[in-house]
């Protein structure tokens with residue numbers, strides 16, 4: 001199913017209606033407890049990989065209706081996917097002869113180069129005025145519910 005969807009997205013504008021219809025069914029599944037919110041790490045990884053491919057391969061017209069929800073969810077993933085050891089080192093920075101500022105700089109450098117950030121930036125590049133209006137309240141929610149530094 002994933003490869004069919006990705007091929008449809010790669011086909012471009014000629015099958016954008018077909019790809020859009022497929023995304024209406026696939027994205028809710030990938031963003032649900034059967035995908036990203038699953039307790040199984042393998043399922044989460046598959047759902048994330050598929051989402052990143054969808055964002056990368058979709059045309060703007062096909063992806064635009066889904067951008068507000070995608071950006072909100074991808075922002076939340078920045079923190080939840082960060083290894084817990086980073087938080088441990090941050091809390092115990094003095095034991096490792098590091099400053100919290102240095103750790104935060106390393107975290108930000110890591111975030112800037114991540115595939116998640118690339119996908120978020122691609123979504124933002126594809127937005128129009130209507131999508132921006134729809135995204136604004138979702139960004140507020142994401143900022144209020146963000147737990148870690150990467151999402152903020």
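For all residues, glycine too, the Cβ spot is worked out from N, Cα and C.
Unlike curated entries, TrEMBL annotations are predicted automatically.
According to TrEMBL, the domain 'Proteasome adapter and scaffold protein ECM29 HEAT-repeat' annotation covers 63-152.
Mean pLDDT of the predicted structure over the domain 'Proteasome adapter and scaffold protein ECM29 HEAT-repeat' (63-152): 85. Across the range of the domain 'Proteasome adapter and scaffold protein ECM29 HEAT-repeat' (63-152), the DSSP-based residue counts are 71 helix, 0 strand, 19 coil.
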